[in-house]
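Colleague: This structure is in structure tokens; I'll ask about it shortly.
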Amino acid sequence: MKGYLVAIFLSSIFLYYVLYCILWGTNGYWFPAEEMRTRNNVNNCFKKPAFANLLRFPQLYPFLCRADFIKVAAMSGTNNFPLPYGIKTFETYFSSALSKLQSCDLFDEFDRVPCKRCVVVGNGGVLKNKTLGATIDSYDVIIRMNNGPVLGHEEEVGTRTTFRLFYPESVFSDSSHYDPNTTAVLVVFKPQDLRWLVEILLGKKINTQGFWKTPALKLIYKQYQIRILDPYITSEAAFQMLRFPRVFPKDQKPKHPTTGIIAITMAFHICSEVHLAGFKYNFYSPNSPLHYYGNATMSLMKQNAYHNLTAEQLFLNDIIKKKMVINLT
């Protein structure tokens with residue numbers, strides 16, 4: 001009888017182990033954990049991030065890969081929605097663009113830092129005269145966005161860039177800003193963005209129709225440096241971080257997250273610790289600088305009908321107050 005009970009006990013332990021592996025040994029897309037770690041080139045970080053509960057799929061791979069983006073979309077649900085936050089009806093556009101890229105890798109194969117400290121550097125004027133450059137450069141991963149320059153602002157924002165999120169309308173075209181160590185991540189909002197990427201990589205004449213301003217007519221980054229962000233990240237920024245409605249009233253223009261909020265959401269998926277810099281806006285001073293570069297003022301941002309800066313500031317204040325992230329500015 002005693003041996004029988006021991007056998008039952010051992011069987012229970014084994015069954016628990018199997019169920020544990022099934023439930024926790026895969027990420028939100030049902031990729032085996034070892035496969036995902038290999039794909040990410042990141043070792044396991046056993047420290048649970050402070051922001052982990054914000055994410056539905058904590059181990060989501062942030063970039064699309066041609067070999068499996070259809071399968072991944074079916075798992076995450078982005079196959080049920082058209083652009084800007086899904087791939088429905090535009091699968092061939094994505095496939096065509098992804099086929100022109102040389103890689104969908106996240107980190108360099110030699111990068112084996114298990115728990116990554118990341119800083120997301122916004123473009124806010126609050127960075128002016130802060131001399132945070134050396135501090136920013138000390139992080140494992142540095143995420144920037146759009147055409148926020150490093151050149152000429154090294155003392156304020158540092159010199160290194162790991163990832164730079166961009167749109168066709170906001171990417172650098174001046175080769176003086178080129179950095180061979182940067183991975184440039186396209187955030188897709190419309191089919192024209194994918195068409196633009198194909199045309200620019202093939203050296204074709206750029207069709208500029210359908211953009212809110214003239215897109216870049218040349219790309220300073222090499223083919224191996226380009227990635228396409230999974231629309232799920234943008235969807236998550238809009239619906240889970242900012243709590244935007246999926247359908248806006250007919251008398252309201254739909255609101256979309258800024259590149260900064262999208263960058264923070266991406267950081268939550270690849271980092272164990274996230275710090276922020278340059279995300280504070282002075283709404284009460286319309287003449288205060290909008291960016292740490294250039295002459296634009298806050299009055300310009302207040303005219304933007306496509307973003308909800310109040311919702312974004314509430315979100316940022318909340319995650320800072322709850323110590324999910326650390327704010328450097």
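Using the three backbone atoms N, Cα and C, a Cβ is placed for every residue, glycine included.
According to Swiss-Prot, the feature N-linked glycosylation site maps to ASN129, ASN181, ASN295, ASN308, an assignment based on sequence analysis. The feature topological domain 'Cytoplasmic' is assigned by Swiss-Prot to 1-4. The topological domain 'Lumenal' annotation in Swiss-Prot covers 26-329 and is backed by sequence analysis. Residues annotated as transmembrane segment in Swiss-Prot, with sequence analysis given as evidence: 5-25.
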Colleague: Rounded to a whole number, how many Å is the Cα of ASN295 (N-linked glycosylation site) away from the Cα of ASN181 (N-linked glycosylation site)?
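Modeller: Cα-Cα, rounded: 29 Å.
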Colleague: Check the topological domain 'Cytoplasmic' (1-4) for me and report the mean pLDDT.
Modeller: 57
Colleague: Ranked by the number of other Cβ atoms within 10 Å of their own Cβ, which of the glycosylation sites ASN129, ASN181, ASN295, ASN308 ranks first?
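Modeller: It comes out as ASN308.
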